[in-house]
Each structure stands twice: as C-alpha cells, then as structure tokens.
Amino acid sequence: MNKMVICCAFLMVSFLVSAEDGSKLWLRGKAVSAEVAAKRQIVIHSESIVVGLASKELEQYWAGSSVELIVDKKLKKLKDGYTISSSGRGLTICAGEEIGLLYGAYHLLRLQQEGKDLQRIAIEEIPDYDVRMLNHWDNLDGSIERGYAGQSLWKWEDLPRTISPRYAQYARANASIGINATVLNNVNASPQILHSDYLVKVKALADIFRKYGIRVYLSINFSSPKILDGLENSDPSNKEVQRWWKSKVKEIYTLIPDFGGFLVKANSEGQPGPQDYGRTHADGANMLADALKPYNGLVMWRAFVYSPTKEDRAKQAYLEFMPLDGQFRDNVIIQIKNGPVDFQPREPFTPLFGAMRQTAGMVEFQITQEYLGFSNHLVYLAPLFKETLDSDTYADGSGSTVAKITDGTLRPAYKTAIAGVANIGEDENWTGHHFAQANWYAFGRLAWNHALSSEQIAEEWLKQTFTDEQQFLKPMIHMMMTSREAAVNYMMPLGLHHIFAFDHHYGPEPWGDRQGGRPDWMPWYYHNANSAGLGFDRSATGSNAVSQYFPPLDRIYGDLETCPENLLLWFHQVPWSHKMKNGHTMWEELCYKYDEGVQQVRQFQKVWDGLESHVDSQRFAAVQSKLRIQAQDAIWWKDACLLYFQTFSKQPIPYDIERPIHELEDLKKIKLNMSYHN
Ligand code: BDP
C-alpha cells in the first residue's frame with residue numbers, strides 16, 4: 001500500500017468513527033466495561049420479557065451501584081409508574097406493573113447521562129395520562145401525510161416476513177420517554193388496513209412493540225364494512241354492520257390480544273361517517289365502542305369536524321359535539337385538537353375542553369411541523385404544548401386548566417389519554433431536522449408529566465443528544481425556548497392564522513384564492529384585511545366564538561381592550577391605527593413583530609455558528625444549513641405579509657426596520673412544487 005492509500009484509509013476510518021447522522025437520538029449511553037459491570041449487580045425476580053429488557057439496558061449502560069428491580073402488584077397507585085430509592089446496598093426500582101421497571105431503568109440512565117448526583121435518590125413517578133400516544137399519518141403506499149422525514153418507517157410490502165431493525169429502535173426510543181401507544185396509519189384511513197392480509201402485518205409490529213410496553217391502535221375508515229365486504233351500507237344502526245364490526249374486532253384481538261382500539265376521523269374533510277346515514281357522531285362512536293368493550297378497547301373519536309357553511313370554522317367542533325355530551329360510551333374519548341382551527345403557530349385552546357362535562361376528552365397536538373416550517377425550521381414545540389395544557393378553561397372556576405380537565409383530575413374518565421401527530425419517518429435522523437427530535441422527546445415527556453417545564457425538557461434533551469457543556473447548553477436552551485415565538489413572529493404574529501400557501505402549507509400566501517375553492521381553506525377567510533383593519537371578528541359583534549368560552553374568558557377575549565395582544569387578530573378585526581399597549585399602532589406593531597422574528601432567526605444562526613467546537617461536524621453542518629433556509633424563509637414571510645397587508649394599511653413600514661428585499665408581485669408568482677404527501 002502506498003502512503004496515499006494508507007492516508008485515505010485512515011481518513012475513511014476516522015470519518016466513519018466520527019460520522020454522526022443523528023440516528024441514535026437521545027439514547028447515547030456508553031456501554032460499560034466488564035470491569036465496571038463486575039462491581040455491581042442487576043437483580044430481577046421475573047422471567048418476563050419487559051423486565052428482562054429493563055435489566056439488559058442497565059447491564060449494558062448503567063455504571064453506578066447495584067440495582068434491584070421489584071414488581072409489587074399492590075402498588076396500584078403508581079399505575080405504570082415507579083419509585084427509585086437508594087439504600088446502603090444500592091438502588092431499588094419498584095413498580096406495580098412490569099413496564100414500570102423499564103421506565104424506571106430509563107429514568108436512571110437519563111440521570112446518569114445528564115451527570116446528575118446518583119448517591120441519594122428518592123423518586124416517585126406516576127404518569128399523568130394512561131394512554132400516551134403517537135398518531136402516525138402514514139399511508140399504506142409508504143407516503144406520509146404531512147411527513148417531512150422521508151417515507152414511512154412501516155414497510156408494509158415486506159411485512160410480516162421482513163422485520164426492519166428500526167421497528168425495535170423506534171419502540172425503544174418511545175419507551176425511553178414513556179410513550180405507550182401508537183396509531184400506525186393515517187386518520188384519512190384506507191379501509192385496506194382492516195383487511196386480513198394487513199392485520200397479520202399489524203400483528204408483526206405489535207409483537208415487537210409489546211416488549212416495550214407499546215400498544216398498537218389503528219385508524220379506521222367508517223365505510224369499511226361496505227368497501228371491504230360489500231355490505232349494503234355502513235350505517236351504524238344496521239345490525240349487519242354492527243355484526244361486521246364485532247367480528248372484525250374479534251379477528252383483531254385474536255391476532256393482537258392487547259390491541260388498543262380505533263382512531264376515527266368521520267364526516268370531516270370528505271371522510272365517511274355516521275352522518276352519511278343521518279346518524280350522529282355518538283351513534284357511530286358507540287357502535288365501535290360496543291364492539292371493543294369486551295376487550296377493553298378504546299375509541300378515539302376526533303372532534304376535528306367542520307364544513308363550509310356560514311358558521312365560523314372555529315366554532316364548529318363545539319357546536320357539533322356539545323349537544324352530544326353525555327351520549328358517548330365510557331370507552332369513547334373525544335380527541336380534540338389543541339386549537340379550534342387547525343394546529344396553527346398560535347391559537348387559543350379549543351373551547352370544548354371543559355365544556356363537555358360528561359364526555360372524556362383528550363388533546364391532540366401536532367408534532368410534525370405542517371404549519372411550522374416542516375423539517376426545515378428549528379421550532380421547539382414544548383412551549384406550544386404547555387401553552388395549551390396550562391390554559392385555564394375556567395370550566396370549574398379558576399385553575400381548571402386543560403391539563404387538569406383531561407388528565408382525570410377534574411373529569412373522571414375510564415381512561416385518560418393524550419396524542420401527538422408523529423414527525424417520524426425513515427430518514428437516518430428519524431425527524432428530518434436534528435432539532436425536531438426534541439419535539440418527539442418533549443411530547444413524550446409532557447405526556448408523562450405535564451408539569452415539567454419546557455426549559456427542563458430542553459436541557460435534558462440537549463445534554464443527552466449533544467453535550468452537557470455549559471457554554472453550549474445556555475445559549476441553546478435560550479434558542480430553543482425562543483424559537484416557537486420567533487416562528488409566530490415571522491409567520492403569524494398578533495393572532496393571525498391560516499395565511500399559508502394553499503394545500504402544502506409551506507410559506508406565505510395571504511393573497512391566496514382559488515376560484516370555486518372552499519372559503520374556509522382561503523387565507524382571506526381568516527385575515528379579513530381591508531382598508532378598515534385586519535383580523536377575524538369573533539366578538540359578540542362578529543361570529544361570537546367568544547361565547548363558547550367560560551366567563552371571564554368570554555369577556556376578556558371579547559373586548560379589544562382586554563384581549564391578550566398575542567391573540568388580538570384571532571378574536572377581533574382591528575383598525576390599523578389601533579393603539580397597542582406599547583404605544584405602537586397595530587400596523588406598526590405588526591411590522592415590528594415580523595422584523596423581530598427575522599432578527600431572532602439571524603441571531604440563531606450566529607449562536608449556532610459560534611458553537612461549532614461543541615458539536616460534531618456532521619450535525620453542525622446539517623443544522624447550519626437548515627438555519628440558512630429558515631432565515632431565508634423568515635424574510636420571505638415578512639416581506640410577503642407586510643407588502644401585502646400594506647396594500648390595505650397604506651402606511652409606511654417603520655423606517656428603523658430592515659426594508660423588504662422582494663417585490664410583492666414576484667412573491668405572488670412563487671409556486672412551490674410540493675405535494676400534499678411528504
Ligand atoms: C389538517 C391537515 C390534513 C389532515 C387534517 C386532519 O392539513 O392533512 O388530514 O388536518 O387532522 O391540518 O385530519
């Protein structure tokens with residue numbers, strides 16, 4: 001070998017060693033040496049696979065003292081949680097259910113990874129929600145609706161025979177943060193998922209996930225009986241249809257004894273549902289609930305229903321579901337998007353939370369960034385999740401937060417649940433953007449404990465995923481913590497919403513219009529810009545959506561003077577000259593907010609570049625490049641929205657902020673070639 005070849009080989013090897021594609025997520029513990037392992041014991045008293053896994057994780061990665069893992073079925077109050085305590089001899093993890101031991105093991109490993117003091121430990125962890133679930137919007141052809149991290153992880157063609165190693169890696173990552181349920185397929189569901197050929201594939205996945213405490217659920221198409229088996233209709237009051245579902249459910253449970261249940265999008269955006277037959281959502285949900293009940297299965301019935309009527313879209317879920325309160329079986333949970341329109345950068349909470357007193361409700365968040373820059377923008381979503389969970393509904397007086405309404409504290413429930421629409425695909429780094437992994441992580445952590453602060457979760461994640469060096473952590477926690485507000489600023493400040501480009505939802509299109517298209521899919525429906533002002537009047541003089549909120553929120557939101565300024569244009573059509581609290585006019589404030597958003601992203605770039613020495617070169621370059629896209633997009637958003645709204649406000653952009661660098665007419669010509677899927 002000549003010198004050149006040796007040198008190249010050496011470079012190759014060192015590249016491979018340092019190659020960092022992000023595939024390890026936050027699970028980067030180093031395997032302990034035989035010497036360290038010999039000094040301590042991991043003691044278990046069970047043959048079960050889950051307990052075996054807990055012990056294996058500790059054997060491999062735990063560098064501390066001995067650990068004993070004990071299941072005590074009497075510890076019911078822990079649910080699937082655990083305690084960890086220390087004594088002279090070492091540590092003990094106790095749980096009421098076997099899976100609790102695995103969660104406890106991951107907790108210990110997390111503390112170790114974070115460099116926490118492990119000498120004296122007294123931990124008790126009880127999860128806030130029973131069902132902590134991901135919703136995959138994955139189609140059977142491998143595409144993902146609103147997926148920005150490549151194709152689906154599920155290789156339906158190859159299942160059940162070929163098992164990708166990523167299935168177990170996925171399950172392990174979820175278990176490490178307490179996620180215990182997964183809906184495998186898109187809410188816009190193909191009936192085929194219930195075909196026997198597919199159910200054996202689903203079983204293969206369920207068999208892998210079970211070891212990690214994860215139950216599989218499926219989205220179903222309400223017309224399945226008719227489409228799959230040629231029944232005359234899929235009317236829930238038709239006895240044959242009821243029988244069909246009962247026998248389908250039996251078939252599923254024979255294959256998958258711990259199957260979780262169904263997620264249903266019915267009579268929404270063109271999906272079939274009970275209303276096709278003059279029946280109600282309750283009729284449809286109850287039919288499925290009755291079929292699932294003997295197996296303790298659940299129905300997650302989505303409240304995301306709206307139709308192009310004269311009624312404000314933001315009011316429709318409430319109008320549809322309130323009259324049905326009390327009519328649902330106890331194993332039905334109404335799955336409600338955090339905001340009343342649709343996963344926007346900022347929305348108030350959906351007023352159905354708290355209003356339904358006799359029906360279980362759960363929050364649905366979107367982890368995939370359909371409306372937040374796809375996998376191109378660094379937007380840390382824990383503050384958005386917390387904003388909803390901590391919102392006071394005032395349903396039972398002050399302190400009735402969305403979290404307390406949904407976690408069983410204020411509304412007894414057969415099972416409590418929370419869902420997040422997954423941002424996971426087959427990309428090496430799972431989520432497209434390295435920092436989008438933090439949103440998967442944050443969802444899991446908050447589903448377990450909604451009282452955790454966004455800062456704490458960011459810090460945990462950064463320490464495990466990158467490094468615990470303070471010079472890195474401090475600026476990066478700050479960047480993550482401000483990133484959601486930055487996105488709101490450069491996209492839709494002051495309560496603006498849904499002014500996205502049609503269909504794919506990437507980039508601005510406040511001027512957007514489609515001949516003959518549904519008004520409630522058009523930006524003008526939401527921003528109502530005209531010479532008088534900007535915003536949607538949802539006060540008593542407008543759509544009166546404010547009346548769906550409990551006092552005093554109805555009054556607070558309904559009055560221009562008391563409405564929080566970050567929701568002003570959500571609830572009011574505001575004159576351009578309206579004086580804001582800081583003395584700016586609404587128009588000036590809009591300009592400053594857009595500018596602030598752009599400046600924030602430019603600052604993110606500077607901070608990241610300055611941290612190069614703390615990050616491996618591969619992830620450094622990847623994030624740097626994404627931040628460049630984000631900065632360009634932020635300017636695009638600002639120019640598009642300000643130049644367009646200026647045609648109504650007819651006022652100058654304040655002279656102390658950056659001037660637009662685009663022409664409005666050029667921006668209007670941009671048509672991104674993006675499909676709905678991927
Ligand atoms: C919207 C998405 C659409 C989903 C829908 C839903 O644009 O792709 O099918 O939500 O949640 O935001 O059903």
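Quick reminder: no glycine exception, Cβ is built from N, Cα and C everywhere.
Whatever TrEMBL says is automated annotation, not expert-curated.
Some features that TrEMBL has for this protein:
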SIGNAL    1-19  signal peptide
DOMAIN    113-430  domain 'Glycosyl hydrolase family 67 catalytic'
ACT_SITE  GLU269  active site, proton donor
ACT_SITE  ASP342  active site, proton acceptor
ACT_SITE  GLU370  active site, proton acceptor
DOMAIN    431-656  domain 'Glycosyl hydrolase family 67 C-terminal'
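Positions of the features from TrEMBL, shown on the structure.
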residue	record	DSSP class
GLU269	active site, proton donor	coil
ASP342	active site, proton acceptor	coil
GLU370	active site, proton acceptor	coil
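In the structure as shown, the Cβ atom of ASP342 (active site, proton acceptor) sits within 10 Å of 19 other Cβ atoms.
Neighbour counts were taken at the CB atom with a 10 A radius for the active-site residues GLU269, GLU370; the maximum falls on GLU370.
Note: the Cα of ASP342 (active site, proton acceptor) and the Cα of GLU370 (active site, proton acceptor) are spaced 10 Å from each other. In this structure the alpha carbons, written CA, of GLU269 (active site, proton donor) and GLU370 (active site, proton acceptor) are 17 Å apart. Summarising model confidence by region, the domain 'Glycosyl hydrolase family 67 C-terminal' (431-656) averages a pLDDT of 97.
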